[in-house]
Amino acid sequence: SLLQFNKMIKFETRKNAVPFYAFYGCYCGWGGRRRPKDATDRCCFVHDCCYEKVTKCNTKWDIYRYSLKSGYITCGKGTWCKEQICECDRVAAECLRRSLSTYKNGYMFYPDSRCRGPSETC
């Protein structure tokens, strides 16, 4: 669920999804288009692609099992959908942590109209 994804992001980056990631670049937040702006935005692009593989699942609201221990996120057992959504969220949160050194405040609340270039495909 979105709330669980927010907790994973906070665990990995020490930043809240809102405001730091909800409207970042061209892909973080709802939807996405054109070319990712940087490594952080690319994490969101890959997360969107991961969700596209599970379109029959309720990616925004399905509650899944996971734990945050010893610096790691571990997804638990559940339905196929819940396990896949958890993995998408876990991988994205870890990606955002790895991208912290290149995070740019200037890409927060980035207007869609400034997203340029051809859209990438998953």
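Backbone N, Cα and C define each Cβ position, glycine as well.
In sequence order, TYR27, CYS88, ASP89, VAL91, ALA92, CYS95 are the residues near HIS47 (active site), counting only same-chain partners six or more apart with C-beta under 8 A. Sequence annotations record features per position, and here Swiss-Prot assigns active site to HIS47 (among others) based on similarity to another entry.
Annotated active site per Swiss-Prot: ASP89 (among others), in sequence order. Its own atom aside, the Cβ of ASP89 (active site) has 26 Cβ atoms within 10 angstroms in the protein chains shown.
Annotated Ca(2+) binding site per Swiss-Prot: TYR27, GLY29, GLY31, ASP48, in sequence order, evidence recorded as similarity to another entry. In the three-state DSSP classification, TYR27 (Ca(2+) binding site) falls within coil.
Residues near CYS26 (disulfide bond) in space but far in sequence (CB under 8 A, at least 6 apart, same chain), listed by position: GLY32, ARG33, ARG34, ARG35, PRO36, LYS37, ASP41, PHE45, TYR110, ASP112, CYS115. Summarising the annotation, Swiss-Prot assigns disulfide bond to CYS26-CYS115 (among others).
Every protein chain considered, the tally of other Cβ atoms within 10 Å of the Cβ of CYS28 (disulfide bond) stands at 26. Here Swiss-Prot flags CYS28-CYS44 (among others) as disulfide bond, drawing on similarity to another entry.
Listed in sequence order, CYS28, ALA92, CYS95, LEU96, SER99 are the same-chain residues six or more apart from CYS43 (disulfide bond) with CB atoms under 8 A from its CB. In the three-state DSSP scheme, CYS43 (disulfide bond) falls into the helix class. Residues annotated as disulfide bond in Swiss-Prot, with similarity to another entry given as evidence: CYS43-CYS95 (among others).
DSSP assigns CYS122 (disulfide bond) to coil, not to a helix or a strand. Under the heading disulfide bond, Swiss-Prot lists CYS49-CYS122 (among others).
The disulfide bond annotation in Swiss-Prot covers CYS50-CYS88 (among others) and rests on similarity to another entry. Shown in sequence order, GLU87, CYS88, VAL91, ALA92 are the residues of the chain, 6+ apart in sequence, with a C-beta less than 8 angstroms from the C-beta of CYS50 (disulfide bond). Classification of CYS50 (disulfide bond) by DSSP places it within a helix.
Within 10 Å of the Cβ of CYS57 (disulfide bond) there are 18 other Cβ atoms, across all protein chains. Summarising the annotation, Swiss-Prot assigns disulfide bond to CYS57-CYS81 (among others).
DSSP assigns CYS75 (disulfide bond) to a strand in the three-state reduction. Annotation for CYS75 (disulfide bond): spatial neighbours TYR64, ARG65, TYR66, GLU83, CYS86, GLU87, ARG90, criterion Cβ-Cβ under 8 Å with sequence separation of six or more. Marked as disulfide bond by Swiss-Prot on the basis of similarity to another entry: CYS75-CYS86 (among others).
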Handout entry: Inter-residue Cα distance where the pair is CYS57 (disulfide bond) and GLY29 (Ca(2+) binding site), in Å
Key = 18
Exercise for the section: Could you work out which of the binding-site residues (GLY29, GLY31) has its C-beta surrounded by the smallest number of other C-beta atoms within 10 A? Expected result: GLY31
Problem - Pairwise Cα distance for ASP48 (Ca(2+) binding site)/CYS57 (disulfide bond) [Å, integer] - result: 13
Fill in the blank from the handout: CYS57 (disulfide bond) and CYS49 (disulfide bond), compared by Cα position, are separated in whole Å by 14
Problem - For CYS81 (disulfide bond), the one of GLY31, CYS44, CYS49 that lies nearest, given that the recorded positions are compared by Cα - result: CYS49
